[in-house]
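Positions annotated as repeat 'WD' by TrEMBL: 216-250, 251-284, 298-339, 422-463.
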C-alpha cells in the first residue's frame, strides 16, 4: 500500500502535526549565516522581482507559473526569457511524488542507487552481488548487469566516473573494484566475462589482521576522475591515485568507523567526513602535510553520522545521523582542535535493531554548531542517505532523504518545512536519487524494489504492482 502526503504551509500556520516540521535552532549571532544561505537559495530558485507582480505592476501577486509566463510574454524583465532561477522556480513547484512505479525488483536488498550526472544512466547495487546499470533514455533497459567479485556482506557503495566510462564498487573489504561501463558485454561477471580490476586501499605496514578487518563504507570519484576518496572501518579516510594505482594519502580521521566522505567542491582540495564518533570534519589536503590534522570540526549530532552530501560550493553540506535528524552546516562555523567528549545519549541504543528512545529525541547537544535541524524521518537499521535537490531544476531549495519506515521525505531547505513524504516500500529506503534535469526521484529499498516517483501530471494511477496511491488533502 502506498500513499502520498504533502503540506507546504502547515509549518507557517501552526497546524503541522508533531514531527512534521524541521526543528530549527540557531545559536546567538548566527542570523547572518541563516540569511546568507536563504539569499543564495533564493538567487538560484526565486523568480525575478518583476515576474512576481501582475502584468500592470500595480500590486504583488502569488508567484504562479501562469503569472510568470504572462510576465515573460509581456517582457516584464526586459530579457524576453526566463533566467535559470526563474526556470528553477517553475520546475521546483512540481514535486515528483506520484508513484511508486516499479523500475525493477530483485530478491535482494537494494543498498545504493544513483543517477549519472546527465541523468542518462542509473546505477543500483544490491546485497547479493548484483549491480545493474539502466539506460534511462531507452525505457530503463538494463544496459549492464554486473556480478560483483569478492563481496563481503554487501555492496556498500558505487560511483560512476565523470565521463561515465568506469564504475567502482566497494564492499566491507580493502579492495575496491573497477568495471568498464562502455564495454560491449551486457553481462559483466567478475573475471569470467570481464575483468574487474582490484584497487587495494590497504597501505604498507598492514598486517593480516588489519587487512581482514578493513572495509570501505563509501567511495567517490573526484571531479577530474583521477582520484577516489573512501571512508573506512579503520577510522580513516583514503585517497587513491588511479594513475599510479595506489593510495596516495591515508588520514587517521576519527575515533570510530568513518561511514561517509565526499569532496566539498570541484577543486578536490577539501573533504567532508562523518563518523560513528558523531563528528563531522573538514579536511584541507593543501595543508594536511604540514598540519596533519583536520581543518575544522563541526559538532551537534548526538549519534553516529550515516551520510554527508556537499552542496558543491565548498561551504555548505548536510548530514544524516542515527539521532534521527538531518543537519545543515556551514564550515565557516567550524571549530579547530575540538576535543572528543562524550555527549548526552542513550548508551544502550543500537540503531541496527532498536527503535530510537522517545526521551532521546528531546536531547540537544549543548554546543550544536549546525544551522538547521530537520526531523520527521527515521534513520534506523542501515546507513540511510540524504541529498540536496538538483541545482538545475530546483536551485537546491530542497533536501531529501530515505527513511527506515519505507518512505521518502522532502524538506524545504530554508523554511525547514516537510513539504512531501512518499510512502510505497515495505522496508527501509536506504538510498534515493533525484533526476538532475526532470521531476523524478528513484528510491531503492531493502524490499528489493527500485521505484520511480514523478510529477503527478495526468493524475493517472500507477500501472505496476506495488499498491495504489492515496492522496490526503491538507
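Glycine is no exception: its Cβ is also placed from the backbone N, Cα and C atoms.
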Reported mean pLDDT - the repeat 'WD' (298-339): 94
Distal contacts, the repeat 'WD' (216-250) - CB-CB under 8 A, six or more residues away: 156-163, 166, 168-174, 176, 199-203, 210, 256-263, 266-268, 271, 273, 275, 283, 285, 288, 307, 383
Intrachain residues whose Cβ lies under 8 Å of the repeat 'WD' (422-463), provided they are six or more past its termini: 2-5, 91, 94-115, 117-119, 122, 124, 126, 136, 380-385, 387, 389-390, 392-394, 400-408, 469
Secondary structure tally of the repeat 'WD' (298-339) (DSSP, helix then strand then coil): 3 helix, 20 strand, 19 coil
The repeat 'WD' (216-250), counted residue by residue under DSSP: helix, strand, coil: 0 helix, 23 strand, 12 coil
Per-state residue totals over the repeat 'WD' (422-463) - DSSP helix, strand, coil: 0 helix, 20 strand, 22 coil
Residue distribution over DSSP helix, strand and coil in the repeat 'WD' (251-284): 0 helix, 19 strand, 15 coil
